[in-house]
């Protein structure tokens, strides 16, 4: 792709997200979402092949449907309340449609089926943008209007997302699909706490971003897309194997890594508000996600050379891809748990 075209696309992505984050008017927020969607599609279709094009079409149709529902909810709310302020969405039907549309944008169950298919069909770089940057704008709207959303509907979709995200990743062998189901599960954790303590939603989003970016950058550097290919990673790069091990454990939420902090705070907040059943279901769903993380860890870190390894060896080529962000993101993903008392005070 031409550097000038890439610059325009990157600027459009930044512009669309910034418009949604800074807007106080529903039409401006909707416009930012549309710019964001249209800007990422050329990235998804490069290099041009049938799989990338099919994934881009699926993504466009799903996002266009969600945008249409958002516009319907905006117009209906304006018709009933005679105002376009972002924070004011008081009509019951408008609230329900807005909740469904944001669930489609974020990939919450039962609208999660497009996330694994689209992520699987596009390159690692585009998948990284899809599962990280593209979540910012819808999450910001969710954060701002969380008191007005349909609480029962959103809680049901959040619990379903955590369970289906963990269950769907159990039998996957492609790393992009596993990370897509991981995204679905983490979106469930973020939305369930948005009803009680929206600040924890932002905290969970930031830590999820750090861990997911580390995973995608590491896999992209080693050009690995399947679990079987990870069995040779010790022979190629021992530091990358350790980084993947730490990052996956952090995504699973094991102490003393950073990923334990948002899960711990969310379960504590739910328990304090007498939502014991929700907290129990979330904790059990985290075990499902941890299982397929452990499958990746076993293949990459526990099949060490010169132990018996049934996978075919690949010819090693020195990588020319940049790695300057990976160490910093690994530290963020693994070593921020001691900051928990400060975050508890701030929230």
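Cβ atoms are placed via backbone N, Cα and C, with glycine included.
All TrEMBL annotations are machine predictions without curation.
Note that the structure is a prediction, hence the values are computed from the model and not measured.
As annotated by TrEMBL, transmembrane segment applies to 5-22 (among others).
Residues or ranges marked as domain 'NADH:quinone oxidoreductase/Mrp antiporter transmembrane' by TrEMBL: 23-288.
Taken from TrEMBL, the feature transmembrane segment covers 59-81 (among others).
Within the chain, the transmembrane segment (93-115) has long-range Cβ neighbours (under 8 A, six or more residues past its boundaries) at 33, 58-59, 62-63, 65-67, 69-70, 72-74, 76-77, 80, 131, 135, 138-139, 141-142, 145, 148-150, 153-154, 157-158, 160-161, 163-165, 168, 180-181, 183-184, 187-188, 191. For 93-115 (among others), the entry in TrEMBL reads transmembrane segment.
Positions annotated as transmembrane segment by TrEMBL: 151-171 (among others).
Per TrEMBL, transmembrane segment is recorded for 202-221 (among others).
The transmembrane segment annotation in TrEMBL covers 242-261 (among others).
According to TrEMBL, the transmembrane segment annotation covers 281-303 (among others).
Residues annotated as domain 'NADH dehydrogenase subunit 2 C-terminal' in TrEMBL: 290-344.
Feature annotation from TrEMBL assigns transmembrane segment to 324-346 (among others).
Counting Cβ pairs under 8 Å that are 6 or more residues apart, the transmembrane segment (202-221) and the transmembrane segment (324-346) reach 3 or more and are in contact.
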